[in-house]
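In what follows, a structure is listed as structure tokens, so that the remarks can point back to it.
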Amino acid sequence: MFKYDINIANYDTALWKAIELEAKRQEEHIELIASENYTSPRVMQAQGSILTNKYAEGYSGKRYYGGCVYVDQVETLAIDRAKALFECDYANVQPHSGSQANFAVYTALLKPGDTILGMNLAHGGHLTHGASVNFSGKMYNVISYGVNKNGYIDYEQLNKLATMHKPKMIIGGFSAYSRVVDWDIMRQVADSIKAFLFVDMAHIAGLVAAGVYPNPVPYADVVTTTTHKTLAGPRGGLILAQGGSKEMYKKLDSAVFPGAQGGPLMHVIAGKAIALKEAMEPEFKIYQHQVVKNAKTMVNVFLNRNFNVVSGGTDNHLFLLDLVDKNITGQEADAALSYTNITVNKNIIPNDPQSSFVTSGIRIGTPAITRRGFNETDAYQLANWICDVLENINNEVVLNATKKKVLNICASHPVYS
């Protein structure tokens, strides 16, 4: 028999020390990785609940195990909230990750060897949109579109490639693109060749939920997302669709279970349900608007200090700094900023002369700093500190002074007070 007062700290000191150190790091570092965020204590409570004990293969009302009456209620809540939030009539909340959600979409709608048209990873796409090292690049014939010289998606190129190669599926979505995607144009191109339009909105789901970024659901045949990132929930995935056939929805469900997964993670699905409810609150809309305001504020600082921002700006939560003209690699910038307790990620830029391990750019995102209370004034200060570091990456005086400023602002904006 277990007692609720047993804990990790008194049993596994090595593990608890690592957890405590990570908690300290999160409080004392400024998080600018665009795909990271801070989830709420309610979500963590759900994920740490007794729901982790229950196996529930199948779907609500159609389980392969008994004793699922209450976990059925949990999953139904998550499904209903996802449908309401994203204005769709189909939602699968079981994918363990965004990549697994994408895998399910591919296997439901495509056959191995089919042609897909996705955004080039080097131009802002994602591994699962056809990168050669990923399953999507190994299982399918991949054609890639990219951005033009101004850093915007080249829709003319996309249309030409679609007309030439007749892909079975066109993929929209990104991991490092800072502008609004024209879903309508993508729909028109897909219709012209009778292709599926699949949108991966993992990075922008929170913005979409708040009405800050155009919703791809009315345009796409199917949409996937992660539930962390801008949505600020637990790590996991969703599959969404509107106006599709029962046959397609059945294929999507079957592709998740039993096609790619076994038992769903009911404690994580509960976390998704809480996060989706939180995303319906007025405060969430205010938060998402602030995410974009902070990103735009930071971009303006970099431009004013003669840094090159890919596409010249941002319409969402992220942007890329092109450091070629500064003679700094992304790897060097990442390391220097890390020393000052500012966390970014090195990132390839369009036509990058460096390898993907070194890179010539860094990606910066504002969801996490906004979640802990940063406003435009804070974002303005932070961007200037980053400029100071990047202009003085070997100057310990500047680096140490910046680290002190970072610790002070983190103390005044705690993540979990």
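The backbone N, Cα and C atoms fix where each Cβ goes, and this holds for glycine too.
Record features, source Swiss-Prot:
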BINDING   Leu121, Gly125, His126, Leu127, Ser355, Ser356, Phe357  (6S)-5,6,7,8-tetrahydrofolate binding site
MOD_RES   Lys229  N6-(pyridoxal phosphate)lysine
SITE      His228  site 'Plays an important role in substrate specificity'
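This view paints the features noted in Swiss-Prot onto the structure.
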| residue | record | Cβ neighbours (10 Å) |
| --- | --- | --- |
| Leu121 | (6S)-5,6,7,8-tetrahydrofolate binding site | 24 |
| Gly125 | (6S)-5,6,7,8-tetrahydrofolate binding site | 24 |
| His126 | (6S)-5,6,7,8-tetrahydrofolate binding site | 24 |
| Leu127 | (6S)-5,6,7,8-tetrahydrofolate binding site | 16 |
| His228 | site 'Plays an important role in substrate specificity' | 27 |
| Lys229 | N6-(pyridoxal phosphate)lysine | 28 |
| Ser355 | (6S)-5,6,7,8-tetrahydrofolate binding site | 11 |
| Ser356 | (6S)-5,6,7,8-tetrahydrofolate binding site | 14 |
| Phe357 | (6S)-5,6,7,8-tetrahydrofolate binding site | 10 |
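Comparing His126 ((6S)-5,6,7,8-tetrahydrofolate binding site) with His228 (site 'Plays an important role in substrate specificity'), their Cα atoms are 16 Å apart once rounded. Across the structure, His228 (site 'Plays an important role in substrate specificity') and Ser355 ((6S)-5,6,7,8-tetrahydrofolate binding site) are spaced 28 Å apart at their Cα atoms. Secondary structure from DSSP puts the residue listed as 'N6-(pyridoxal phosphate)lysine' in a helix. Pairwise Cα distances among Leu121, Gly125, His126, Leu127, Ser355, Ser356, Phe357, the recorded (6S)-5,6,7,8-tetrahydrofolate-binding residues, top out at 16 Å. When the Cα atoms are compared, Phe357 ((6S)-5,6,7,8-tetrahydrofolate binding site) and the residue listed as 'N6-(pyridoxal phosphate)lysine' turn out to be 23 Å apart.
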